[in-house]
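Trainee: Mind looking over this structure? Questions follow.
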Amino acid sequence: MRVLPATLLVGAATAAVPPFQQILGLPKKGADTLSKPLHDFQEQLKTLSDDARRLWDEVAKHFPDSMDHNPVFSLPKKHTRRPDSHWDHIVRGADVQSVWVTGANGEKEREVDGKLEAYDLRVKTTDPGALGIDPGVKQYTGYLDDNENDKHLFYWFFESRNDPKNDPVVLWLNGGPGCSSLTGLFLELGPSSIDSKIKPVYNDFAWNSNASVIFLDQPVNVGYSYSGSAVSDTVAAGKDVYALLTLFFKQFPEYAKQDFHIAGESYAGHYIPVFASEILSHKKRNINLKSVLIGNGLTDPLTQYDHYRPMACGDGGYPAVLDEASCQSMDNALPRCKSMIESCYNTESSWVCVPASIYCNNALIGPYQRTGQNVYDVRGKCEDESNLCYKGMGYVSEYLNKREVREAVGAEVDGYDSCNFDINRNFLFHGDWMKPYHRLVPGLLEQIPVLIYAGDADFICNWLGNKAWSEALEWPGQKEYASAELEDLVIEQNEHQGKKIGQIKSHGNFTFMRLYGGGHMVPMDQPEASLEFFNRWIGGEWF
């Protein structure tokens, strides 16, 4: 979850949106692109109820600086579409949709469910030797095109280093919202990292050691993805992911028969319940979904926001970052914050959920941010504010902006950004941030195992909050799961056998792991422990 001060501040309901104040100096085309959403926003402000206006005005009173920040709508990325001849395969959704089969009772039915007519999948076999990333491992890159809505999602597939004919397939998603999954590829769990010389370095602990992995830049206008339109909530993005997987497995049926898992971190705590539910809602599908893994996620804000104060004030296993006065201030703000989140849960209205995000983030995350401590790791200061505290993220961006890299993978955009904060704000202004996506998890547990894991040094999506929401979740196994004790998690698969790497509790299809010494990005901080639990999870040890 990416939180910057600008992300947390917006104008109150009574503040007029100055005409194009945000886009002075932009070409007229850019102004035209923004005029309609800004006009729509102004019109919607006029329709607010008195209660909603009071709520927004209260936020403005507490955080007057927010009056200076109005909604930002993302401009399209500059791009040049490559000709069809560039691609080795183009899978037409309309062709897939047109395939009918005979059902068990002799009736005609579509081979796969879903509305796929508007989608195409473009595929290029990428030469591993061209970039020196996992030489000898089969790779595909390309785009999922939603031709109806002018959306183009970039993906990068790496085959398993081990036994690709039998190893499972995993979709990896970074969060944000609005951050590229290529960050996960090169900073965390992919086959290579990028060093200070902007060169790829082989990763011994890559997750494609025993699984094939797809890294997806979503939603649109993130990483190498682009669009003339925008996605501003999690549900809208779910349709695209289902289409991508359906067309990919149609082109490569050898992977479709393998077990499939979805993994991700941070705001993927929103994405994954929705994406998995979307997949499972289609009874006729070619996606063999077996489990989901959510790392340091934001899934149940009402429960998780309870635990910012304890984590910041010394109750999470690390020394306090804040002084007593700041901790007391957070305690004082919590009841109002929780009341606002409850209202969001009850209505799921943007006009209620947006003020909850602004108030709670300023009151409960803001005090920590102002210390200069890394929100993704309580153990140290933010070392590079321009790259979300990590110099390595800057190395990744510099590498992915190289012309030869973009050419090798078939990227169609003129540049790469690790995170698009316009997207971040769009999701916030749609009210998506505080919505109760955890309510989808019981439905998942009825069909597949769910793993919640958390590096215990993270503040922003900390282990205390993730453990708490998993225990508070209402499902048939809640009592047994909540009462289960944390047990030691130790290495079993290499020469460090017996080394304690964390704690685990599990019942039925639900499992929680605390990973020692991991921040927000566990595979980066604890690569050995990360690969250990990942291999054992996809191997079915806990389900």
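Numbering starts at 1 and runs along the chain as displayed.
Note: Cβ is positioned from N, Cα and C throughout, glycine not excepted.
Swiss-Prot lists these features:
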- Ser266: active site (ACT_SITE)
- Asp458: active site (ACT_SITE)
- His520: active site (ACT_SITE)
- Cys179-Cys419: disulfide bond (DISULFID)
- Cys313-Cys327: disulfide bond (DISULFID)
- Cys337-Cys360: disulfide bond (DISULFID)
- Cys344-Cys353: disulfide bond (DISULFID)
- Cys382-Cys389: disulfide bond (DISULFID)
- Asn210: N-linked glycosylation site (CARBOHYD)
- Asn509: N-linked glycosylation site (CARBOHYD)
- 1-17: signal peptide (SIGNAL)
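How buried are these features, and what lies next to them?
Mentor: All protein chains shown were included, and the count of other CB atoms within 10 Å of the CB of Ser266 (active site) stands at 27. According to its DSSP assignment, Ser266 (active site) is in a strand.
Just so you know, the Cβ of Asp458 (active site) picks up 31 other Cβ atoms within 10 Å once every protein chain is counted.
Cβ neighbours within 10 Å of His520 (active site), excluding its own Cβ and spanning all shown chains: 28.
Cys419 (disulfide bond) carries a strand DSSP state (E or B).
The Cβ of Cys327 (disulfide bond) has 19 other Cβ atoms within 10 Å, all protein chains considered.
Under the three-state DSSP scheme, Cys360 (disulfide bond) falls in the helix class.
Under the three-state DSSP scheme, Cys353 (disulfide bond) falls in the helix class.
In the three-state DSSP scheme, Cys389 (disulfide bond) falls into the coil class.
Shown in sequence order, Ser160, Arg161, Asn162, Asp163, Asp167, Asn535, Ile538 are the residues of the chain, 6+ apart in sequence, with a C-beta less than 8 angstroms from the C-beta of Asn210 (N-linked glycosylation site).
Asn509 (N-linked glycosylation site) falls within neither a helix nor a strand when secondary structure is assigned with DSSP, and so counts as coil. The Cβ of Asn509 (N-linked glycosylation site) has 20 neighbouring Cβ atoms from other residues within 10 Å, across all protein chains displayed.
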Trainee: Which three-state DSSP class does Cys179 (disulfide bond) fall into?
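Mentor: Cys179 (disulfide bond) sits in a strand per DSSP.
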Trainee: What does DSSP assign His520 (active site), in three states?
Mentor: coil
Trainee: Which one of these disulfide-bonded residues has the most other Cβ atoms within 10 Å of its own Cβ: Cys179, Cys313, Cys337?
Mentor: Cys179
Trainee: If you count CB neighbours within 10 Å, which one among the disulfide-bonded residues Cys360, Cys419 has the smallest count?
Mentor: Cys419
Trainee: Hey, of Cys327, Cys360, Asn509, His520, which of those recorded positions are within 10 Å of Asp458 (active site), Cα to Cα?
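Mentor: So far as Cα distances go, the recorded positions lying within 10 Å of Asp458 (active site) are His520.
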Trainee: Applying a 10 Å Cβ distance cut-off over all chains shown, what neighbour count does Cys382 (disulfide bond) have?
Mentor: 17
